[in-house]
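K.L.:
Among the features that TrEMBL reports, NADP(+) binding site is placed at A:9, A:10, A:11, A:12, A:13, A:14, A:15, A:16. Annotated NADPH binding site per TrEMBL: A:105, in sequence order. Among the features that TrEMBL reports, L-homoserine binding site is placed at A:190. The feature active site, proton donor is assigned by TrEMBL to A:205. The domain 'ACT' annotation in TrEMBL covers A:355-431.
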């Protein structure tokens, strides 16, 4: 059979990793696929670096157009990143009838609805395993492996930088700022770490998984975002005393009222596998009606793991290039005509359990006042520890609640902060049992 | 589009679960697949029970032939189990040009090479996600998700019964026989539990994964088997003191000399996710050259989880029914012409670390004698605890070795057992670091 001809856009970390993988494992891939995968063209801003990576058999250019319009390219692999050049390139590739493989979570989360509609018009595939959780084949699990299920919820550790920081904070009792600096020195965090530590990256990935799970359009712009930069080490310590660990989770859940879609630090019981996912590793737990709980773990970033996902998509695309649209898996797991726009719930309407830390004067009666406020809102308490005097005359009360709607907690916190003997703000962290 | 017409063989636990799933999630499945899945026929030895499960829209028969030869069946779903009736049924279905979905690990492990060859001749698909690790989409991960990698090794907890027993033994310090009785009362173990606890079931699943990973024929008959029935609770306890847990693992690894293929109790560090997979749950860890370490966790048995995998296969089959063979994933992940028969290594040639427990007279010098024997064989010691006197004049020495070939350990054990002041037998349990 004819080789599958690849055009690569962007020869940076992941692009270079993809070129290298296709060279290293060429024989093994051909043994599986029954045909060869050949990179015919590549575009890069930096031709010199591209030459070093690609050698002399690949036609190089600084122009995206030389790849996406080329007659000797079947599949365009977009590894530029971002939503400007990359978006134009993907649109041009699709319009030229090329299949697309991309690792670009931001592009798909923000413009996926438009891109998939255009791809459908042009009868081409757009594959994106590498866009979520790096080397873990979670897109395949959601689109195909769990296709017999009604998926109920997803909870994932899908940002390696944040998980590295939280792991270090817990293991060494360090402060956020110190660990961030260390992560930057190790190359695990960018000079401007906002995108990772404030949850944007996780929200991109989560909104892609949410659409695949529930058959909705991509809803990134409605995703709630809360990062880890304000997390204090004493909360990690108190959580641990109570048998919990704090992870930055992306959580999406289908309820009768709509979709929950949220990224925030979350207490989870230490016995759960997700609580034991450490360092830069990623993991995604999926709850579905028939299979129950499944979990997928692996490296969420890095040149070789991401290339593993990119090339798996190239292999799938190669297999189905000549087939009909009906032989392919739908872009967002559901047939385009069957995608249903369900409302994303505002945070006031989500259901969760909560960790609250209240600073108060170390006097009798305060605990009772706090408990009464929660009771009046119908919030029941699962556990409570009074930490005694932490400094001067201030005591800390740590409360774990049972599950309730967030608006009740928000209202209760306002009342607790208004008590004469408490000191605002009350620290609130959401909590998930992650069970059944 | 036309519905996909299913004929079910066997309406027992999994068969009933599959019927129920296809009813319950009919709408969700059609939203994904773009067509309906309809059960047209079913065969069962027990027509009365089948009628209760299937209702009146499905044509029932006691004869397999009524399903596998029927013109109104596109996909035969074999859920009979075993290798007699089921084998004849699958062969007949394939010979009649029907695609086959099966959950039958024993049939594939023992006769898969012949079945896949016949399927290729008849240009039909044979899908078997449910045959390994129940609801976990591990077959899809190995055949497709990791297709860009050279897979290096697999280690899996793939028998829920054994894992339940080991979990209970560890958590409650109970003896094997007591926990087995409890598992039987709970329905987690069969009246004759041999198949599960002696590793046969795990070996079936492991040999399927090994073939998919390394591109070899199915090698079940060369798989080494050692179950959990002779495991003693003090070894679980000593392992725990040293930071390890004991799991029944299926391990397969590709080395320069050949394939390791073995099922046995294994010490693994307690910090590994696999060590924290408890109760009846399953998990499979895969090491591959590009992606590194990935892990897949979920329920390994049960009507609904297994049906989830069966129906995922039906959906995949339905999608590709009209396509060419080149559009399909090869049966054993590699093109049939590319399957290479690599030797399965005898256990003397495998490489592992080891846990040894030596009973000896509580006298000075014995420890040195034991250490000298290991040193003479080139086996280095990672940890050693002397347990002092456990009964009468007998002390126990627990040793963890570094990695070595098994023949050196076997020889060393024979020499240790021959020492005048030790008491045979030496307990030996293999140990894996499961890292990188």
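Cβ atoms are placed via backbone N, Cα and C, with glycine included.
Predicted automatically and left uncurated, TrEMBL annotations should be read as such.
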K.L.:
When the pLDDT values for the domain 'ACT' (A:355-431) are averaged, what is the result?
P.N.:
93
K.L.:
Let me know the most crowded of the binding-site residues, choosing from A:10, A:12, A:15, A:16 and counting other Cβ atoms within 10 Å.
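P.N.:
Of the binding-site residues A:10, A:12, A:15, A:16, the highest Cβ count within 10 Å belongs to A:15.
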K.L.:
Relative to the mean position of the Cβ atoms of A:9, A:10, A:11, A:12, A:13, A:14, A:15, A:16, the recorded NADP(+) site, which additional same-chain residues have Cβ within 8 Å?
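P.N.:
Apart from the listed residues, the neighbours are A:8, A:17, A:18, A:44, A:79, A:80.
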K.L.:
Going by DSSP, is residue A:10 (NADP(+) binding site) part of a helix, a strand, or coil?
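P.N.:
Looking at the DSSP assignment, residue A:10 (NADP(+) binding site) belongs to neither helix nor strand, so coil.
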K.L.:
Given the recorded positions A:105, A:190, A:205, which one's Cα is the least distant from that of residue A:14 (NADP(+) binding site)?
P.N.:
A:105
K.L.:
Enumerate same-chain residues with a sequence separation of six or more from residue A:11 (NADP(+) binding site) and a Cβ-Cβ distance below 8 A; give 'none' if the list is empty.
P.N.:
A:19, A:42, A:44, A:46, A:49, A:50, A:53, A:54, A:79
K.L.:
From the Cα of residue A:13 (NADP(+) binding site) across to the Cα of residue A:190 (L-homoserine binding site), what is the distance in angstrom?
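P.N.:
So the alpha carbons of residue A:190 (L-homoserine binding site) and residue A:13 (NADP(+) binding site) sit roughly 14 Å from each other.
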K.L.:
If you measure from the C-alpha of residue A:105 (NADPH binding site), which of the recorded positions A:9, A:12, A:205 fall inside 10 Å?
P.N.:
A:205
K.L.:
What three-state class does DSSP give residue A:205 (active site, proton donor)?
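P.N.:
It is helical.
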K.L.:
Do me a favour and check the Cα-Cα span between residue A:16 (NADP(+) binding site) and the residue listed as 'active site, proton donor'; whole Å is fine.
P.N.:
23
K.L.:
If I restrict to non-local contacts, at least six residues apart, and a C-beta distance under 8 angstroms, what lies near residue A:13 (NADP(+) binding site) in its own chain?
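P.N.:
Set apart from residue A:13 (NADP(+) binding site) by at least 6 residues yet with Cβ under 8 Å, we have A:303.
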K.L.:
Run through the Cβ atoms and count how many others sit within 10 Å of the one on residue A:190 (L-homoserine binding site).
P.N.:
13
K.L.:
Across all chains shown, how many C-beta atoms besides its own are within 10 angstroms of the C-beta of residue A:9 (NADP(+) binding site)?
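P.N.:
Around the Cβ of residue A:9 (NADP(+) binding site), 25 other Cβ atoms lie within 10 Å.
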K.L.:
Given residue A:9 (NADP(+) binding site) and residue A:205 (active site, proton donor), what distance in Å do their CA atoms have, once rounded to a whole number?
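P.N.:
About 21 Å separates the two Cα atoms.
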K.L.:
Count up the helix, strand and coil residues in the domain 'ACT' (A:355-431) according to DSSP, in that order.
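P.N.:
Residue counts for the domain 'ACT' (A:355-431) by secondary structure: 24 helix, 38 strand, 15 coil.
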K.L.:
Determine the Cβ neighbour count for residue A:14 (NADP(+) binding site): the number of other Cβ atoms within 10 Å of its Cβ.
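P.N.:
Result for residue A:14 (NADP(+) binding site): 27 other Cβ atoms within 10 Å.
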K.L.:
From the Cα of residue A:205 (active site, proton donor) across to the Cα of residue A:15 (NADP(+) binding site), what is the distance in angstrom?
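P.N.:
One finds 20 Å between the Cα atoms of these residues.
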K.L.:
What's the CA-CA gap between residue A:10 (NADP(+) binding site) and residue A:205 (active site, proton donor) in angstrom, rounded?
P.N.:
21
